[in-house]
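The compositional bias 'Low complexity' feature in TrEMBL is assigned to 518-543. According to TrEMBL, the feature domain 'Ig-like' maps to 19-113, 118-214, 221-297, 306-386. Residues annotated as region 'Disordered' in TrEMBL: 514-560, 575-602. The signal peptide feature in TrEMBL is assigned to 1-18. Summarising the annotation, TrEMBL assigns transmembrane segment to 392-413.
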Amino acid sequence: MSALWILTLTVALNQVWCVRFSQEPADQSVVLGERVVLSCVVFNYTGIVQWTKDGLALGSGEGLKAWPRYRIQRALDTGQYNLEISNSELSDDSLYECQATEAALRSRRAKLNVLIPPEDPVVEGTPELLLMAGSPHNLTCVTRGAKPAAHIQWTKNGVPVDGAYHSTEVLPDRKRVTSRSYLPITPVDTDSSSNFTCVASNPAVPMGKRATVTLNVHHPPTVTLSIEPRSVLEGERVTFTCQATANPPIMGYRWAKGGVLLEGARESVFVTTADHSFFTEPVSCQVFNAVGNTNVSILVDVHFGPILVVEPRPVTVDADSDVTLNCKWSGNPPLTLTWTKKGSSMVLSNNNQLHLKSVSQVDAGQYVCKAIVPRIGVGETEVTLTVNGPPIISMGSSILLLMLLLALAFFLYHQRKGSRRGVTLGKPDIKVETVNKETHSLEEEAANVSTATRMVKAMYSPFKDDMDLKQEIRSESDTREEYELKDPTNGYYNVRATTHEEARPQTRVVHYQGEFRSPNPNSGPSGATSSGPSPATSGAVPPSGVPGSRAGCYDPRPPSRMSHATYAHFNTFSRAAQSQQAPPNPALPSPGDYPGGDCGLLDSTTQLPYENYGYPSQYASYRMGFAPPIEEGPAYEMYPTGQGPGENEPFISDYGDIFLCYIGKTNSKDR
């Protein structure tokens, strides 16, 4: 009995020890909607085999009613118990396990990964994206529901483009993912009609899914300006062609030269005649569309002769200074420039500027700036350089200047001589001058100028001339004999110089000794009168020193006041009334009473004219040289000079006359 139990246990142990998994399920991936089989082979086992999903038993038997898409593929001879899943779904994405329940065997867990391809990607702006040239923009591609997340790649016209950045978003089932990709671009006019493609791929779709967008880039016209021929001579015709592309289409053309619009030029081709201005003033073509306009310019290679750009101006500098002369020419082909001094062939400079250092009078003159354009022409201009220096006086100029100075001195001498006409230099005896004021009307007296001011001005002018004259008289009379001052009255009269107070009109008599003067045939009568006696009466004899004493003229008038050394100075003066006139004095001798009366005793040219002096203000009713008429008075007679008035001798009153007594040089031993 015990032996039977041992045999049975041995068989059972052998059976248990021989059951094992010869093939266990493995991890697999399946694309959504496809079929998948999980393998499970149990060696030496004939019992029940079941599958679990995420630990949940699916059931036993070949058909699993609760899982219609699930089926167990069983082969007893080989011990195969495979799990077949058809039309896989996302829910099939789980962990699976094969179990031999009777043998208490469990296989490893196998992961079934259900792959879900991404949805078709979408690029924003598809199919045509309108962009402006030069404006940055981000191309965006979005793909959703992929498992795992899709990988996005960009291409431009089939060529991969780098620089994109990505983002992902997990969906609520926590298995699928939405992916986004951004590609920044800055479109240019050449990007118009370009295709940008977004490719989204994952293991479910290794080739990926694509989405393409076409760019519509609006831009101003792109212009190319050409010229034919490229090099022309001045005066030849030239053709300009303006080629342009634009999006949207071109709307028109404009042509300009030097910034000035050319009216009538509205096509893409412009034909004209070239001159030298085309070398410096570009021709421009402007093309415009709805977006904007583009302007392209070109210069014409015109060959022309020298043209002076800036007219040079004369230059004036001081000696020993530096100077720069400027000269600017224009020409094409490039010109050759030379500086020379006029009359010389030596080239001083080949630049636009000529620098001269420490210039002198030798450098002054005209400088020639010459421009040469090979095989075209020559041009030149002159620049004048003036160098300031010390004045140079020629011999002829010196003589002329000397003659002018001599003529001026001669003229001034005669002017001064004429102002002293009538001045006689004689023996410095005592001279008495009678000043009689002629009747003159006082006109246009200025109320705002005082009498004293006018009087001072009138006295100052002759006084200044007298000072000059006295200087000459002293120089001429240094070698003359000095005469002694003698009293011709032998002390009968007390003759002395009068003062200002004594010059007032009073009834007193002062006689003077006259002198003989040479006749002056051109002299005329004078308005002055004298109370001196004739030579016949006084017994005076013409001095022997005067030549021609027989034909000489006795002039009782004193020399001009300008020949004396002293003056009576008035303090305050005023004009006399115009109605005061000199009373007639028939007792005075006439010119014919004197010897040589035909000489013109009262020659105005022998005496300087007397100024219209005023009077002391306290004696406003008197006029200089006149006295008011005496109502009743005896007739006076003349008496000889040198005798006093006696009982039987006539007496003359000079009341009203002012006598200025001038005293010459006196010898003390004669007193």
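Cβ atoms are placed via backbone N, Cα and C, with glycine included.
TrEMBL labels come from automatic prediction, so no person has curated them.
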DSSP residue counts for the domain 'Ig-like' (118-214), split into helix, strand and coil: 3 helix, 60 strand, 34 coil
Composition by DSSP (helix, strand, coil) of residues within the domain 'Ig-like' (19-113): 3 helix, 48 strand, 44 coil
Segment-level pLDDT (mean, integer) for the domain 'Ig-like' (306-386): 91
